[in-house]
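Feature annotations, courtesy of TrEMBL:
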type	residues	note
BINDING	Lys18, Lys59, His154, Lys186, Asn288, Gly292	1D-myo-inositol 1,3,4-trisphosphate binding site
BINDING	Arg94, Lys143, 175-186, Ser201	ATP binding site
BINDING	Asp271, Asp286	Mg(2+) 1 binding site
BINDING	Asp286, Asn288	Mg(2+) 2 binding site
DOMAIN	105-316	domain 'ATP-grasp'
Amino acid sequence: MAGGGRRFEIGYALLPKKENSFIRESLVKQARSRGIDLVKIDMGRPLADQGPFDCVLHKLYGEDWRSQLEDFRSQNPNAVIIDSPAAIERLHNRISMLQVVSELKIENQSETFGIPKQIVIYDRETLFDDQAWELLKFPVIAKPLVADGSAKSHKMALVFNHEGLNKLKPPIVLQEFVNHGGVIFKVYVVGEYVKCVKRKSLPDVSEEKLNSLQGSLSFSQVSNLATHQKSDDKYYKMMHLEDTELPPQSFMTDIAKGLRRAMNLNLFNFDVIRDTRFGNRYLIIDINYFPGYAKMPGYETVLTDFFCDMVYRKERQVVVEKDSVEEYSQEAVVGTDGRLVLSCEKEIRKIVPNSCCSDGEEMENSIQV
Ligand SMILES: O=P(O)(O)O[C@@H]1[C@@H](OP(=O)(O)O)[C@H](OP(=O)(O)O)[C@H](O)[C@H](OP(=O)(O)O)[C@H]1OP(=O)(O)O
Ligand SMILES: Nc1ncnc2c1ncn2[C@@H]1O[C@H](COP(=O)(O)OP(=O)(O)O)[C@@H](O)[C@H]1O
Ligand SMILES: [Mg+2]
Ligand SMILES: [Mg+2]
């Protein structure tokens with residue numbers, strides 16, 4: 001075990017469904033064997049009274065939970081919080097979620113990426129306003145603007161014509177439906193680890209079919225159906241999952257890295273489709289915080305590696321801090337004047353930049369000189 005035999009505690013706060021799927025005995029055991037104890041946070045008691053944890057792993061929302069995390073952080077400035085509520089928040093709105101994609105710059109000669117054309121509609125009037133429709137053409141997907149994990153936030157409609165707009169309930173995002181061969185790519189990100197898998201998606205809609213279709217079609221969490229129907233060979237063949245080529249791994253990794261940095265998140269996945277009109281154009285349509293990692297083969301190892309990275313990196317930083325303090329305070333002694341001590345403090349801060357949970361977010365009071 002690394003870290004000089006010291007054990008680490010990671011507290012987790014998850015909804016029951018998530019806890020059941022994610023906190024498996026196999027994960028708990030593997031983490032334990034590498035010096036990490038996964039401990040359930042007691043939601044009946046203040047978080048700040050528990051632990052003290054080296055790291056908090058969470059997928060819970062709301063003001064109360066946020067302020068509990070803040071209290072915990074101020075009492076445990078060296079603890080790692082995965083991830084910061086402010087960074088997660090961006091993913092709760094389907095417009096801000098994809099804005100970050102448009103800002104990414106990735107050099108690639110052979111593939112391109114972006115997001116589908118989309119507009120946000122806040123009221124029924126705008127829904128039927130021709131001006132709002134200048135950018136889009138049917139079919140479109142209507143998605144609830146809010147993506148907060150509720151069943152409602154996953155209820156979508158594929159809309160074929162104006163008649164289909166009647167059933168929609170703003171606020172919604174209307175997104176151009178892009179034919180993509182019925183297969184979606186899910187790219188799972190765990191810190192630096194990136195894994196792309198294929199899943200079932202909606203079938204293509206041809207011009208011909210579009211003219212014969214009426215109104216709209218409602219659906220929910222279509223990509224999760226594939227796992228339930230894996231045993232149905234005929235169904236699987238029909239979706240052409242096996243014949244579909246994955247996007248180039250290095251391209252997905254570059255996008256994942258860019259998103260991770262831009263969003264300041266460690267645990268997320270994003271849904272990608274390949275536009276059949278071009279073949280080398282990829283569109284990102286959805287980003288999810290802390291998705292269903294247990295569906296990833298060998299998720300226990302990937303997650304344990306990540307936990308180790310988080311807590312050991314933290315441990316290393318603390319050691320560096322201590323070393324730096326000694327080194328610089330010796331210099332300060334040589335100089336023997338108050339001003340010199342002050343400039344040393346600044347130096348130490350430079351040595352331990354952003355020493356925090358998710359990259360980029362400064363941890364205050366981490367250095368005691
Ligand atoms: O439950 P699972 O394993 O299907 O995971 C869901 C994810 O499925 P995926 O890993 O992408 O196949 C799912 O992703 P999709 O929306 O299907 O793209 C969400 O991340 C969902 O979380 P939430 O309801 O948006 O908070 C995830 O649900 P929670 O487990 O977080 O409740
Ligand atoms: N612009 C689009 N073009 C084609 N299919 C789409 C598009 N947007 C979503 N889909 C399909 O709808 C599914 C659900 O949409 P998504 O935005 O991923 O919502 P959720 O957050 O519920 O997963 C996707 O997995 C994909 O099959
Ligand atoms: Mg999705
Ligand atoms: Mg989603």
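Placement of Cβ uses the backbone N, Cα and C atoms for every residue, glycine included.
Projection of TrEMBL feature records onto the structure.
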residue	record	Cβ neighbours (10 Å)
Lys18	1D-myo-inositol 1,3,4-trisphosphate binding site	20
His154	1D-myo-inositol 1,3,4-trisphosphate binding site	15
Gln175	ATP binding site	23
Asn179	ATP binding site	16
Gly181	ATP binding site	17
Val183	ATP binding site	22
Lys186	1D-myo-inositol 1,3,4-trisphosphate binding site	20
Asp271	Mg(2+) 1 binding site	18
Asp286	Mg(2+) 1 binding site	21
Asn288	1D-myo-inositol 1,3,4-trisphosphate binding site	17
(request) Measuring CA to CA, name the entry from the binding-site residues Arg94, Gln175, Phe177 that ends up nearest Lys18 (1D-myo-inositol 1,3,4-trisphosphate binding site). (result) Arg94
(message) Counting across all protein chains present, how many other Cβ atoms fall within 10 Å of the Cβ of Phe177 (ATP binding site)?
(response) 21
(request) Tell me the Cβ neighbour count for Ser201 (ATP binding site), meaning other Cβ atoms within 10 Å of its Cβ, over all protein chains shown. (result) 21
(message) Spatially, and counting Cα to Cα, which of the binding-site residues is closest to Arg94 (ATP binding site)? Options: Lys59, His154, Lys186, Asp286, Gly292.
(response) Asp286
(message) Spatially, and counting Cα to Cα, which of the binding-site residues is closest to Asn179 (ATP binding site)? Options: His154, Lys186, Asp271, Gly292.
(response) Asp271
(message) To see if you understand the setup: which same-chain residues, six or more apart in sequence, place their Cβ under 8 Å from that of Phe185 (ATP binding site)?
(response) Cys196, Val197, Lys198, Arg199, Leu246, Pro247, Met252, Asp271, Val272, Ile273, Arg274
(message) Are there any residues at least 6 positions away along the chain from Lys59 (1D-myo-inositol 1,3,4-trisphosphate binding site) with a Cβ closer than 8 Å to its Cβ? List them or say none.
(response) Ala13, Leu14, Leu15, Lys18, Gly149, Tyr289, Phe290
(message) Quick check: of the binding-site residues listed here (His154, Asp286, Asn288, Gly292), which one has the Cα closest to that of Gly181 (ATP binding site)?
(response) Asp286
(message) Filtering Lys18, Phe177, Gly181, Val183, Lys186, Asp271 (binding-site residues) by proximity to ligand 2: which pass a Cβ cutoff of under 6 Å to any of its atoms?
(response) Phe177, Asp271
(request) Measure between the Cα atoms of every pair in Lys18, Lys59, His154, Lys186, Asn288, Gly292, the residues the record assigns to 1D-myo-inositol 1,3,4-trisphosphate, and report the largest value in Å, rounded to a whole number. (result) 19
(request) Can you figure out which of His154, Lys186, Asp286, Asn288, Gly292 (the binding-site residues) comes closest in space to Gln175 (ATP binding site), comparing Cα atoms? (result) Asp286
(request) Give the subset of the binding-site residues Lys18, Arg94, Phe177, Asn179, Ser201, Gly292 lying near ligand 3, defined as CB under 6 A from any of its atoms. (result) none
(request) Calculate the distance in Å between the alpha carbons (Cα) of Val183 (ATP binding site) and Asp286 (Mg(2+) 1 binding site), and round it to a whole number. (result) 14
